[in-house]
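What follows is one structure encoded as structure tokens, with my remarks underneath.
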Amino acid sequence: MRTGCSTLKRALIITSDMASGPERTHSLFRLIKERFRPHLRWFVIGTGCAAVTAVAAASYGYLLKLVVEGLEDLAGPQTASVPSSLWWLIGIIGLAAALRSLSLYGMTLANNTGVQRAIVDIQADQFASLTEGDFARLSADRSGGFVSRFINDVNAIRDAGLRLANNLTKGVLTVIGVLITMFIMDWKLTLILLLVYPIAFGPVISLGNRVRKRSKRAQKQIGEVASLLSESFQSARVVKAYGLEEYQKGRAKRGFVERSRLFLKVLTDRAAVDPILEITGGLALVGILALTAWRIADGDTSLGNFVGVIGAVAVAAPEVRALGTLNAVAQEGGAAADRVFEIIDAEPQIKDRADARTLENARGSVEFRDVHFAYPDGSQALKGLSFSASPGETVALVGPSGAGKSTVFNLLLRLYEPVSGSVMVDGSDVRAYTGASLRRSTALVAQEALLFDDTVAANIALGRMGASLEEIKGAARAASAHDFILGLPGGYEAPCGEMGRNLSGGQRQRISLARAIIRQAPILLLDEATSALDAESEAKVQAALAEYAKDRTTLVIAHRLSTVRSADRIIVLDDGRVAEEGTHHDLIREGGLYKQLVELQLS
Ligand SMILES: Nc1ncnc2c1ncn2[C@@H]1O[C@H](COP(=O)(O)OP(=O)(O)OP(=O)(O)O)[C@@H](O)[C@H]1O
């Protein structure tokens with residue numbers, strides 16, 4: 001079954017990247033309102049601490065001025081000992097430093113807690129929306145795409161949240177406080193600094209923004225390299241068997257080279273920051289020192305004022321730099337929020353109708369009535385399919401690859417909806433039932449025989465949550481899996497490994513079958529469920545299934561036609577329609593497509 005759908009995928013991925021400025025800002029506000037506000041108390045604590053930090057920081061310059069003036073007095077000829085007021089001042093500076101570090105710690109802790117809690121909510125909602133949403137959406141993007149969006153977007157939101165929470169209040173309050181004290185101490189020098197500062201540090205701030213953009217691109221490329229590596233290691237068997245080592249090495253090398261190229265750009269920009277700071281800072285210092293020397297000589301200012309102002313600048317400078325890059329970080333966070341909301345807000349196309357009823361104690365009759373269906377990319381899969389299957393009946397769906405067999409299961413499970421016609425269970429359209437109850441009445445063994453990274457017992461029990469070990473063993477026996485499970489190290493507690501990689505294809509299939517059996521659902525859907533079994537195991541499974549399927553409706557898809565010989569009815573699909581229908585003997589006698597397929601397999 002194909003799982004690509006380029007149109008949807010483009011719609012999902014590209015639109016989000018094109019989010020414009022106002023939309024981003026809107027998403028950012030929405031993020032704050034909906035996701036951060038529930039954790040407001042943490043941010044209130046954080047802001048309180050930020051205010052304390054800012055006041056302590058802003059007082060630095062002024063305290064420094066007073067101390068320097070005290071020291072100047074001390075240097076005078078008539079002073080014999082250090083006055084207690086100076087000791088007090090020095091002590092207060094120490095106290096301000098302690099207060100600042102403590103409140104800084106409290107602020108970081110509180111804001112981090114608030115942001116992390118909001119992030120957990122966002123991730124959980126995003127994941128829930130994807131898992132509960134349309135199957136079509138999940139299969140529209142490669143799984144790695146969603147994974148990297150999860151990680152990158154959440155990181156961008158976390159950065160923006162933390163920077164806004166930590167820097168905004170602290171930065172703004174510190175800068176205001178520092179400016180006030182600077183103006184009180186020496187308004188002329190303060191004015192000059194306000195003019196010089198943007199000229200000196202402007203290039204650094206714009207460089208900082210460029211570094212951030214380039215880092216982002218480099219980060220994205222890390223995701224691509226990670227996908228490539230994981231794909232490569234997962235497909236190690238094919239790589240070896242086809243001698244693709246050189247091909248893979250080439251792909252990986254290109255990824256590494258691109259990565260180092262992007263990082264080099266980031267590092268080159270970063271490397272320029274310090275020299276620029278050095279030269280502009282040095283020049284500014286020279287100018288200010290010369291000016292101050294001239295002003296002190298003129299009696300226009302004092303050494304205390306000068307040291308106080310410079311001390312205040314030193315405290316405010318990092319805050320100003322942080323505020324300068326805040327907008328860029330917030331924009332990135334906004335863009336990420338935009339993409340996250342796009343996922344969270346997506347309305348499922350397939351949802352329960354308001355009057356949907358629960359399908360309980362279903363008998364399990366199935367009917368397709370003139371069903372037409374096309375996948376979202378336009379592939380016409382079913383073109384007027386009609387057939388039915390009754391409880392107790394085993395109906396096989398056979399036909400050439402791409403004929404629409406797996407699609408029948410997709411529609412029966414209501415993973416997709418037909419364009420026209422009806423898919424019916426127990427005489428009613430499947431849309432009349434709640435999706436959950438419909439799926440509770442079906443048990444699917446999919447082509448991929450997918451297992452989760454858990455124990456064998458847990459994997460079987462997923463068919464019916466809360467099943468007892470005895471029930472698990474019973475299902476395993478019915479799927480002819482019990483004996484081999486006992487032979488595994490750990491038996492039922494043996495780990496299956498990621499995607500079930502600790503087990504063979506046939507073993508995986510039998511565990512998937514046991515999972516379907518334990519579900520005790522009235523409709524059993526087997527999509528190539530025994531294709532990886534040897535003839536003997538398959539015969540055993542068939543015998544066990546025959547017993548199990550007695551009063552259920554079983555639909556079997558199989559390419560190996562020996563598997564379906566004994567089905568009550570065989571429906572031959574071709575190009576999305578029923579081409580023939582009957583028992584194995586009827587169809588052989590008729591000498592149509594089925595007979596051709598059988599002969600092809602025998603030859
Ligand atoms: N997710 C999908 N998106 C788009 N087209 C799809 C998708 N899945 C299947 N198709 C297309 O629908 C048609 C029917 O596919 P389906 O998987 O039902 O065939 P099948 O008979 O089960 O094939 P096979 O025996 O190879 O598994 C094919 O043309 C296929 O390319």
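From the backbone N, Cα and C atoms, a Cβ is placed for every residue, glycine too.
Not measured: the values here are computed from a predicted model.
What TrEMBL lists as domain 'ABC transmembrane type-1' is 44-332.
Feature annotation from TrEMBL assigns domain 'ABC transporter' to 366-600.
Counting only same-chain residues 6+ beyond the ends of the transmembrane segment (40-63), those with a CB under 8 A from a CB of the stretch are 89, 92-93, 96-97, 99-100, 103-104, 106-108, 110-111, 113-114, 117, 165-166, 169-170, 173-174, 176-178, 180-182, 184-185, 308-309, 311-313, 315-316, 319. What TrEMBL lists as transmembrane segment is 40-63 (among others).
Annotated transmembrane segment per TrEMBL: 86-107 (among others), in sequence order.
Sequence annotations record features per position, and here TrEMBL assigns transmembrane segment to 168-185 (among others).
Residues of the same chain lying 6 or more positions beyond the ends of the transmembrane segment (191-211) and with a Cβ under 8 Å from any Cβ of it are 182, 266, 269-270, 272-273, 276-277, 280-281, 283-284, 287-288, 291, 309, 313, 317, 320-321, 324-325, 328. If you look up TrEMBL, you'll see 191-211 (among others) marked as transmembrane segment.
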- request: Mind looking up the mean pLDDT for the domain 'ABC transporter' (366-600) in the predicted model?
  value: 89
